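S.K.: Dropping a structure here in structure tokens format, bear with me for questions.
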Amino acid sequence: MASTSKKKTSSPSCCDSSATTPPLPIRRDAATTSSLVRQDWTIPVHSPERRPVVDSLPEPSRTASATKTAIPVMLRAQTSHPLDPLSAAEISVAVATVRAAGATPELRDSMRFIEVVLLEPDKDVVALANTYFFPPFQPSLLPRTKGGPIIPMKLPPRRARLVIYNKRSNETSIWIVELSEVHAATRGGHHRGKVISSQVVPDVQPPMDAVEYAECEAVVKDFPPFREAMKKRGIEDMELVMVDAWCVGYHSDADAPSRRLAKPLIFCRTESDCPMENGYARPVEGIHVLVDMQNMKVVEFEDHKLVPLPPADPLRNYTPGETRGGVDRSDVKPLQIIQLEGPSFRVNGHYIEWQKWNFRIGFTPREGLVIHSVAYVDGSRGRRPVAHRLSFVEMVVPYGDPNEPHYRKNAFDAGEDGLGKNAHSLKKGCDCLGFIKYFDAHFTNFTGGVETIENCVCLHEEDHGILWKHQDWRTGLAEARRQVESYTICTPIHIYANSDVGLVIKEKDGKIEAEVKLTGILSLGALQPGETRKYGTTIAPGLYAPVHQHFFVARMNMAVDCKSGEAFNQVVEVNVEVEKSGEKNVHNNAFYAKETLLQSELQAMRDCNPQTARHWIVRNTRTVNRTGQLTGYKLVPGSNCLPLARPEAKFLRRAAFLNHNLWVTPYTHGEMFPGGEFPNQNPRVGEGLATWVKQNRPLEETDIVLWYVFGITHVPRLEDWPVMPVERIGFMLMPHGFFNCSPAVDVPPSACELDAKDHDAKDNNVAKPLQNGVLAKL
């Protein structure tokens, strides 16, 4: 459930240690400045002697026109990269534009803003921006044309995409707004947007919002039959009661999207004057509540089974001074990151350079962190693209208990709530260590206001042990290098009030590692005295934690060695096979890697197989390394699983994409989310990825999209209570023939040794700071 606590809204934050660099200088030809007033955004120039001409990026102080203080001021188009997330001002303009387009006051008042997000432009626009307007400033990114280079005068205006829920009519619509600088007088005052299109999407329900969750809790707690049911359980103080609204999913026609429904879970604290008490330690069972979220009223209620409230568990709390009888451990010494020369990364807006990597970061309310335009600068070969776009597009958590209410617990945390909207501000010292660059995230709330999550994404470096080491036994000489990783983190993500999920992207020695950190607290059920259940673990008297699974879907639009306009990638599956006995295997020890080209979508529906070390390689069909092999990047699975529910399970109607670990599709505009754009109460079977692949489109020499589904089966332990220590799952994108040798071989030696005197002295446990991001023990 989305957190109902208020998120801070403020001006952009100042990071504790900013790594931002000033904007790079822009080339300017004064002789042709007058041509910049043209509206054309590309002009072919036939003279090969002429150099690209671009308008200089204006300072914000010069772009702010004198307008009323209540009207957001839009900056010029070239001040924001086409992939930069929408600014707070742009969100305000988009909301104001859509509101002004409402035909009646009633229509405008009934608008609820589910999502306002950047409408990402075509890839050729991104290539133009990266060539002439923004880093990395590389004309080589563009293909040559017969008439000479294409010289852009300006980029096309940015656009916003809005998902609007009409609370009066129960309709969902999608709006496209152009964020131009055209000054238009409309209803409600001046604004700087233009509606390009609007379309009602029938038979869908958009994601829920934190405002709706808070209203649902209030409605349920004020419902007289509910109060009477709680009184039977000895609870009369409604301040103790916690109502967590869950989307109903789709189990029958009663859950059809003609109504906007929620089925809450109920919990109860023991002390009203202790807001930090772990109320999830006392689940209330036996009460069935169904809430009409459109009209905010209880439409079904039944107290069908009186289950006593679990007794207050003395080990239920986790705040300082409240654990294990109020005694916290005293044997943990602080750990600090010391970077005497600062970090190795450079930041220019949302453009990041770290060692030989460069990429852009974005943020959406649904996905959270997005990584754009990932490339590696490889010496004389220059900037080599690896991926267009990387993100997590869905998270599904099905529970394995068939009893009420747990069989309905199968949340689509991205599609029903939004991973990004439920992110929380990161705390220095706990979430991130060392020299940190923070990024804020802006999004709209339910009523159209702009909210800011300060320090939502952090960029920092961590020491990760030995990168490589070798000692020559003849000479006795040894070489060792430390492994310093760049972490781009969006964590913690607060999902359904009890679970926190950290999503981490790491780049190192040519590899890209995606990691999910599962933590938080368990979602529990109550037991009758003397009762046990085989579908969970009893963790305290009257309390059990049901078995469940967590699944994540990573969407990776690859671009291995592909410049703008090129689509020369293919996918190969690799399995290690044992050679048959015979002349080729007289010693019976032979095995080899067998490659199979995945030629079509249906052929590319694959599962992990650790017995054959199965992995998949995305290769460029027209680029070779020094040995003549095709360059590529391989997807290396980590630990993984498949759904344990039977194929007839109701939640699999909406989550057919969980049936395989790997799916491959050609890039198609609009194919973004594996369960379709609106999985909430979705009655359509297999909508999304499972339907798209039925076209069985070819996958040879195309713009490849990998959909990797990975998960974990959680059988709770007593040690997961009251807090669940982090469990890590993930995968790696690893170079495979992409480089001519190890990209880690030229990493310089670090100061890897501690001062012997300090290290050995028993009365001095303070080690001197280490350089190059290596951990220092205090």
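Note: Cβ is positioned from N, Cα and C throughout, glycine not excepted.
Quick paste from TrEMBL:
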REGION    1-70  region 'Disordered'
COMPBIAS  10-21  compositional bias 'Low complexity'
DOMAIN    81-170  domain 'Copper amine oxidase N2-terminal'
DOMAIN    206-309  domain 'Copper amine oxidase N3-terminal'
DOMAIN    335-744  domain 'Copper amine oxidase catalytic'
S.K.: Per DSSP, what is the residue tally for the domain 'Copper amine oxidase N2-terminal' (81-170) in helix, strand and coil?
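M.R.: Output for the domain 'Copper amine oxidase N2-terminal' (81-170) reads 32 helix, 18 strand, 40 coil.
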S.K.: Please work out the mean pLDDT for the residues of the domain 'Copper amine oxidase N2-terminal' (81-170).
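M.R.: Mean model confidence (pLDDT) across the domain 'Copper amine oxidase N2-terminal' (81-170) is 88.
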S.K.: Could you give me the DSSP helix, strand and coil counts for the domain 'Copper amine oxidase N3-terminal' (206-309)?
M.R.: 30 helix, 26 strand, 48 coil
